[in-house]
Each structure stands twice: as structure tokens, then as C-alpha cells.
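Reviewing the structure listed below.
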């Protein structure tokens with residue numbers, strides 16, 4: 001574990017105990033105290049090995065029990081320390097500040113791992129200022145991908161708010177923590193629900209086709225919404241060719257022509273005809289012209305475009 005100077009100072013203060021730590025902190029500036037305290041609030045537990053390395057760097061005479069770990073949170077070390085150095089009021093304010101910052105940091109890490117489209121579905125109902133603030137904290141590439149899903153006017157509003165952003169005030173910080181916590185909870189609940197759908201789909205795919213049909217038919221009569229979710233999830237790319245023409249025409253209206261052209265270039269003639277008969281002659285000729293060109297398209301890109309097309313089909317079917 002690589003520690004910077006302030007982190008090493010935090011470890012050392014934890015080892016020398018409250019009384020000696022107080023005497024040391026009295027010699028430091030308020031900013032230095034805040035920086036070290038912030039390190040303590042973020043570090044949580046330090047292994048005895050790491051602590052021993054810090055000790056050996058500063059003082060060869062000091063050693064610790066090899067079974068002893070250092071916890072800044074569980075033993076209330078930082079709380080007692082700050083109260084004695086800064087007074088209870090300032091200590092509480094500082095600890096609340098660190099707690100909020102840590103919560104934001106932890107949850108932003110989680111948001112950075114969530115698919116951009118999923119995040120859009122989570123935040124699209126939020127105020128543009130909330131969306132802008134979330135994007136500020138996210139990884140830049142991740143934030144850019146999320147922004148691309150919004151319509152132009154909203155994107156412009158979000159960018160303007162990002163450009164004018166200065167900082168989160170204390171009250172705003174606390175509210176922001178609650179908002180992100182809520183988003184994470186909504187995502188986790190949706191994932192649990194989604195996992196149930198996935199399991200149901202996997203089971204239906206393993207049973208005989210006529211039995212699957214009977215189950216879905218009965219489900220449509222008792223719980224149409226759930227049945228549609230399962231049926232939509234079961235759809236595969238190869239099933240697109242069997243869709244009714246009315247769905248193909250809806251798909252053509254919403255799916256980018258250039259992406260469809262890339263897919264068509266590698267698909268069989270039967271698949272192409274399914275789309276050609278449902279689109280204008282102009283678009284048909286544009287796709288045919290593209291397919292006739294010698295253009296290399298990677299398998300990864302083709303698979304991505306196919307997934308995009310399949311997802312568009314699923315949305316149409318689910319909302320119909």
C-alpha cells in the first residue's frame with residue numbers, strides 16, 4: 001500500500017495515541033490538521049504490515065504487535081482526537097464533511113461501473129442541475145457517453161450548468177449524497193429484479209418449446225406486463241427476421257441508417273430483403289450502395305451494432 005506524507009502522518013498519530021497526537025497537532029496549521037484528519041476518515045483500516053513500514057521509516061525503535069491492525073473508524077480515534085484539538089462543534093462539522101465526501105466518492109466509483117444507458121434511465125427524471133453535478137464527478141469518458149443520450153436542448157442546459165459550476169455547499173453536499181444513495185439503491189433493486197427475469201428466461205429456454213409457449217400464454221392472461229418483459233428478454237438477433245412487418249417499419253424509423261447499413265453488409269440476403277421491402281427506395285439504394293463498397297468492419301463493431309439493433313427491437317416490442 002503506497003502512502004503519501006499525510007497518510008503516513010495519520011498512521012503515526014494513530015500509533016502514538018490520543019494524548020501525544022494532540023500535542024503534535026497543536027504544532028500544525030488548521031489546514032494541515034484538516035488534511036491529516038481527512039486521510040484518517042478515508043483510510044479506515046491499515047494493516048499491521050503497512051503500519052510497521054511507516055514506523056520503520058520514522059523510528060527504528062518503535063514496533064507493533066503483528067496481529068494488531070489500526071482502525072480509524074471503529075475505535076473512534078479520529079473523533080476523540082478532533083474533539084480535543086478543534087473542539088466538539090468544529091470536530092462534528094469536519095467529520096460530517098469528510099463523511100459526505102467519502103460517501104460521494106464511494107458511490108461515484110459505483111456509478112462509473114454502471115452502463116451509460118442504465119444511468120440515463122436512472123437520472124433522466126432529475127433536475128438538470130443534479131444531472132450536471134453527477135456528470136462532473138464521473139469519469140470524463142463515461143460522462144460524455146451519458147450526455148450523448150440526452151436530446152440537444154437538455155444537453156446544452158447540462159453543459160451550461162457544468163461550465164458555471166463552482167462547488168457543492170454544505171447543504172447541497174448532504175442533499176447530493178442522498179440523491180446518489182437513492183440512485184444506487186434504485187439500480188441495485190432493478191438489478192435484483194432483472195436477475196429474476198434472466199433466471200426465468202434461462203429456464204424457459206431449457207424446457208420444451210410447446211411447454212414454453214403454454215407457460216407464456218397463461219402468463220399473458222394473468223400478468224401481461226411480466227409476460228412481455230420475459231418474452232422481450234428471450235428475443236435473439238436471429239428472431240428479428242420473423243417479426244411482423246409493422247415492427248420492422250417502426251424499427252427503420254428509429255434506428256440510424258448508417259448503423260443498419262453496417263449490419264446489412266454482413267447479413268444474408270433473406271435478412272436484407274426483410275428490411276428492403278419495408279423501407280423507401282431511396283434508403284434501400286443507399287444501403288445497397290454501401291454494401292457494394294469494399295469496407296472492412298471488425299467483428300466487434302458488427303456485434304455491437306447487432307446488439308444496438310436488437311435492443312431497439314426490444315424497446316419497440318415492450319412499448320407496443
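Glycine is treated like the rest: Cβ placed from N, Cα and C.
Owing to the predicted nature of the structure, the values given are computational and were not obtained by experimental measurement.
According to Swiss-Prot, the protein has these features:
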type: MOTIF; residues: 126-129; note: motif 'Part of the EHPQR-motif'
type: SITE; residues: 161; note: site 'Part of the EHPQR-motif'
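Neighbour density for residue 161 (site 'Part of the EHPQR-motif'): within 10 A of its CB lie 18 other CB atoms from the protein chains shown. Counting residues of the motif 'Part of the EHPQR-motif' (126-129) by DSSP class, helix then strand then coil, yields 2 helix, 0 strand, 2 coil.
Within the model, the motif 'Part of the EHPQR-motif' (126-129) shows a mean pLDDT value of 88, rounded to a whole number.
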